[in-house]
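Novice: According to Swiss-Prot, the site 'Important for tRNA non-discrimination' annotation covers His32, Gly84. Per Swiss-Prot, L-aspartate binding site is recorded for Glu177, Arg223, His447, Arg488, and the stated evidence type is sequence analysis. As annotated by Swiss-Prot, region 'Aspartate' applies to 201-204, with the evidence given as sequence analysis. Taken from Swiss-Prot, the feature ATP binding site covers Arg223, Asp224, Glu225, Gln232, Glu481, Gly533, Leu534, Asp535, Arg536, and the record attributes it to sequence analysis.
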Amino acid sequence: MKYRTHRCNELSLSNVGERVRLSGWVHRYRNHGGVVFIDLRDRFGITQIVCREDEKPELHQLVDSVRSEWVLSIEGTVCRRLEGMENANLATGEIEVDIEKVDILSKAKNLPFSISDDHIHVNEELRLEYRYLDMRRGQILDRLVHRHKVMMACRQYMDKQGFTEVVTPILGKSTPEGARDYLVPSRIYPGSFYALPQSPQLFKQILMVGGLDRYFQIATCFRDEDLRADRQPEFAQIDIEMSFGTPNDLFPIIEQLVVEMFAVQGIKIDLPLPRMTYQEAKDLYGTDKPDLRFGLQLHDCREHAKEFSFSIFLDQLAQGGTIKGFCVPGGADMSRKQLDVYTEFVKRYGAMGLVWIKKQESGIASNVAKFASEAVFQAMFADFGAQNNDILLLIAAPEDVANQSLDHLRRLIAKERNFYNEAQYNFVWITDFPLFAKEDGKICSEHHPFTSPLDEDIPLLDKDPLSVRSSSYDLVLNGYEIASGSQRIHNADLQNKIFSILELSPESIKEKFDFFIDALSFGTPPHLGIALGLDRIMMVLTGAEGIREVIAFPKTQKAADLMMDAPAEIMTSQLKELSIKVTS
């Protein structure tokens, strides 16, 4: 049996009079007084099928019994629709198929939600439980097709650039990379475990030691961490590594890769992409992931704050804190009620309050007006570039609190006041991150322990490790980190020194990294790499609300697969075979 001669988006007036066979799902069904209309849908489109009772009574009775989402294969003749009955919203909207034969291939139970009307809001958990039905609503499938095309563009481009695609192991060894590992027990080696890779980091570096020179892979990675809208326990990244290069060699390759990927969606990206150091990003935007679709740059107000008699300003200055803020063009129209809402908003991020200063033709209005002279306010307006009807919003707090609060506030205000176009794509490279950070009183890696320090900062490793900058870089798009990478350490002595600063004992280094240190000791080329978050890129490209919308079978916010009901308990016999006892 041949299931179709055409797809459901292909028939047009040029096919009128042809006998055709179509297969697909019943998208909509209508009985108009003896005339049954069926919208037959496949992945490619919809074709209207018609059956008239007065012409084919037995066939009409069968067709009249079908219901939504039944799978049919029909034969019939292509006809022109009656004048005035055309549907300009369909590629096949000028024709219909007069049915002559129907085969019911599969029936469907009553649906948990509507497939034909994708404007109806459906609870996300219900959508994930019935993901196969959710796919039929169209939007998910469209995004998966776009994802496929982006992946194909990536592979073709990387091949032209001389990169070799290599599949690295999924079962590996647990090594500290920042998040918790997913562990897989070994039946053959009781009490021992594999770890699913958080990234192919060590494997791709060892490929460089092995002389591959240029590697890439669209890799599946796993991290057991708390989830957010743009995080999943398993995710895909475009993983890249190259030998004998510097960031200045790598950046143009990645920039052109971005151009190729976005061209799939018909989006033009201008090159070269701008660059900004980590410190510049923090100073100007309060974050290392700045959204550059709008301005609202931060200004340091500490010198002006010294002229205030406002105790909160003076206390922060005395404690080594900061006073900074930004100017909102036209923001003097903000009501006191709205400013109170913003004040409560920044308190979520640790700020104690929000200072506002309006520049109006009638004069200055501010909640700190009595604490400084008009000359001080005018000097601030000049520094901020404020015009009449603008408002300054300031926060006095420790540096990290002020930055985080202002970062979120500027994003919120920019969105509320339509300061940018959603279809706008602003990239920026962020470079020269700190090599180390301090968490819970301990030094830890800002990226991962295989990142090389900047050459000029290596002497600081012994004296002041927290001031050492790394040869690392992130690519940020519209406030999202979509790629992260670094120059790698290719010297075993330097790698051991970094491990030592991270307070890894010689025993721990030997246990976890002996194979890697050994590899570095056999002649390792300088190398660097990057990983682009494919899920996050697709989220931005398609305008999806989160990465669950661009993944075929995603997990929930609690890392559960509602369709397969995973994770799930396993049989006692399986646990026994793996020498595992469950204690809770």
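Using N, Cα and C of the backbone, Cβ positions are placed for all residues, glycine too.
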Novice: Which one is it, among the recorded positions Gly84, Arg223, His447, Arg488, that lies nearest to Glu481 (ATP binding site) by Cα separation?
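Specialist: Nearest by Cα distance to Glu481 (ATP binding site): His447.
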Novice: Which of the binding-site residues Glu225, His447, Arg488, Arg536 has its Cα nearest to the Cα of His32 (site 'Important for tRNA non-discrimination')?
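Specialist: Nearest by Cα distance to His32 (site 'Important for tRNA non-discrimination'): Arg536.
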Novice: Considering each pair of residues in Arg223, Asp224, Glu225, Gln232, Glu481, Gly533, Leu534, Asp535, Arg536, all listed as binding ATP, report the largest CA to CA distance in Å, no decimals.
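Specialist: Result: 19 Å between the two most distant Cα atoms.
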Novice: Expressed to the nearest Å, what is the distance separating Leu534 (ATP binding site) and Arg488 (L-aspartate binding site) at their Cα atoms?
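Specialist: Answer for this pair: 22 Å between alpha carbons.
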Novice: For the recorded positions listed here (His32, His447), which one has the lowest count of neighbouring CB atoms within 10 Å of its own CB?
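Specialist: Minimum Cβ neighbour count within 10 Å, taken over the recorded positions His32, His447, occurs at His32.
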Novice: If I take the Cα of Arg536 (ATP binding site) as reference, which of the recorded positions Gly84, His447, Arg488 has the closest Cα?
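Specialist: Comparing Cα positions, the candidate nearest Arg536 (ATP binding site) turns out to be His447.
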